[in-house]
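These notes are about the structure you will find just below.
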Amino acid sequence: MLKIILPTIMLLPTALLSPPKFLWTNTTMYSLLIAALSLQWLIPTYYPYKFLSSWTGINQISSPLLVLSCWLLPLMIMASQNHLQQEPMSRKRTFISTLVLVQPFILLAFSATELALFYIAFEATLIPTLILITRWGNQPERLSAGTYLLFYTLVSSLPLLITIMHLYVKIGTLHLPTLELTHPTLSTSWTGMLAGLALLMAFMVKAPLYGLHLWLPKAHVEAPIAGSMLLAALLLKLGGYGIMRVTLLMGPLSNFLHYPFLTLALWGALMTSSICLRQTDLKSLIAYSSVSHMGLVIAAGMIQTHWSFSGAMILMISHGLTSSMLFCLANTNYERTHSRILLLTRGLQPLLPLMATWWLLANLTNMALPPTTNLMAELTIMITLFNWSALTIILTGIATLLTASYTLFMLLITQRGPIPSHITSIQNSTTREHLLMALHIIPMFLLILKPELISGVPL
């Protein structure tokens with residue numbers, strides 16, 4: 001574990017001390033090396049914990065997420081190159097340092113075996129994200145977006161801290177492998193129910209559950225491209241991972257806790273998909289689509305079967321890569337036209353034909369078309385939900401239909417139609433952007449060949 005965390009921390013001096021000419025080269029290559037090194041975590045094993053130390057351990061559930069977070073750091077650095085070109089050198093260094101700073105916290109949060117350390121890392125990821133949004137965002141509204149993000153997260157996670165302390169007093173340990181062996185401590189009493197609610201609530205806001213999701217579109221729209229990728233691909237997964245980890249401690253959930261979350265998640269998947277159909281803002285559309293995908297993950301995490309956990313794992317990984325790629329594509333459009341409004345950036349296919357290919361691929365993966373892992377994940381989750389209650393097929397079915405329709409709507413309106421009259425000349429797409437898209441989509445196509453790497457099932 002340390003052989004990844006220490007090099008990641010040493011990226012800080014690399015970013016601060018590299019000669020200006022080699023700043024981007026050094027940080028990108030170094031983080032790509034770390035990402036390549038982290039692939040060893042995917043090696044299958046029969047043991048419940050790999051690389052177990054006293055603080056951290058890698059589970060079948062956390063190893064794909066850890067590899068994903070290492071993989072996305074070089075991609076975030078690559079994506080940010082263009083919009084930082086005009087900035088002075090010191091600000092570029094600060095930006096890269098902020099990106100690097102969030103990485104050890106995410107790694108700790110995904111691999112912590114101690115609940116208190118998990119909570120600290122979970123909260124600490126908020127600070128660099130907040131700096132990214134409120135300092136490097138595009139519009140003045142970024143301040144209100146930062147406030148939303150901060151208060152939603154803090155208000156929901158204080159009860160989590162109190163419940164963790166309460167559990168510690170009752171059991172005497174917060175070590176996750178030990179907690180999984182003890183009997184479920186949360187009883188069916190009101191105290192137990194409220195404790196269960198407090199444990200889940202922080203992750204529900206982070207994931208986000210429909211109704212608690214209002215900070216997400218704001219934060220996504222105002223964040224710079226690296227901030228958007230970080231939020232969509234990693235911080236939302238902290239919520240899903242937390243739900244899967246915490247529900248195991250709570251024993252069978254009482255129905256009072258089950259039903260509201262399940263109905264809200266499935267209803268939210270339907271509602272946010274239909275909200276997507278009437279969005280005018282490209283980044284906002286992609287942000288709402290992540291709410292609907294994470295709704296399925298929450299629903300799967302609530303029914304707690306092997307199949308549903310495996311489906312939720314695969315969906316989290318595939319959604320991390322897909323939505324990150326969509327944000328990168330939206331950013332390439334934004335850097336050329338300086339507008340996120342769909343009506344002003346339409347008809348780009350004749351101008352940027354290769355980018356149109358990437359758009360098509362990204363939208364097809366977002367739509368969950370075979371042979372992508374998204375399809376496998378959504379089918380697994382829908383089957384488990386149908387097995388739990390046959391009525392859910394209505395909600396999930398309509399949500400799938402709406403997902404396909406808004407994805408095609410996004411593809412058609414950005415690539416087809418008349419070119420707006422104000423776009424007279426547009427710069428060509430660069431090799432850097434094509435490499436960025438390729439590094440998002442190639443793992444997606446490779447993972448379907450061996451999906452058990454990310455399914456979270458012990459092999």
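Yeah, the Cβs are placed from backbone N, Cα and C, and that goes for glycine too.
Under the heading domain 'NADH:ubiquinone oxidoreductase chain 4 N-terminal', TrEMBL lists 1-108. The feature domain 'NADH:quinone oxidoreductase/Mrp antiporter transmembrane' is assigned by TrEMBL to 112-403. Under the heading transmembrane segment, TrEMBL lists 27-49, 61-80, 100-133, 145-169, 189-212, 224-244, 256-277, 284-303, 309-329, 341-361, 381-414, 435-454.
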Lying 6 or more residues past either end of the transmembrane segment (256-277) yet within Cβ distance under 8 Å of it, the residues of that chain are 193, 196-197, 200, 204, 209-211, 213, 285, 288-289, 291-293, 295-296, 298-299, 302-303, 385, 392, 395-396, 398-399, 402-403, 405-406, 409-410
With the cut-off at Cβ under 8 Å and a gap of six or more residues from its ends, the chain residues touching the transmembrane segment (381-414) are 266-267, 269-270, 273-274, 276-277, 282, 285-286, 289, 292, 295-297, 299-300, 303, 305, 307-308, 311-312, 315, 333, 342-343, 345-346, 348, 359-360, 363, 366-368
Could you pull the average pLDDT for the domain 'NADH:ubiquinone oxidoreductase chain 4 N-terminal' (1-108)? 94
Same chain, outside the transmembrane segment (145-169) by at least 6, Cβ under 8 Å from its Cβ: which residues? 115-116, 119, 122-123, 126, 129-130, 133-134, 137, 179, 185, 195, 197-199, 201-202, 204-206, 212, 214-215, 218-219, 221-223, 249
Examine the transmembrane segment (435-454) against the transmembrane segment (284-303) and state whether at least 3 Cβ pairs sit under 8 A, considering only residue pairs 6 or more apart. no
Seg_contact(the transmembrane segment (100-133), the transmembrane segment (224-244)) with at least 3 CB pairs under 8 angstroms, min sep 6: yes
Given pairs 6 or more apart, does the transmembrane segment (224-244) have at least three Cβ pairs under 8 Å with the transmembrane segment (61-80)? yes
Do at least three CB pairs under 8 A connect the transmembrane segment (61-80) and the transmembrane segment (309-329), leaving out pairs fewer than 6 apart in sequence? yes
Tally of residues which DSSP labels helix, strand or coil - the domain 'NADH:ubiquinone oxidoreductase chain 4 N-terminal' (1-108): 80 helix, 3 strand, 25 coil
Can you work out which residues elsewhere in the same chain, 6+ from the ends of the transmembrane segment (189-212), have a Cβ less than 8 Å from its Cβ atoms? 122, 152-153, 156-157, 159-160, 162-163, 166-167, 235-236, 238-240, 242-243, 246-247, 249-250, 253-254, 256-257, 261, 264-265, 267-269, 271-272, 291, 294-295, 297-298
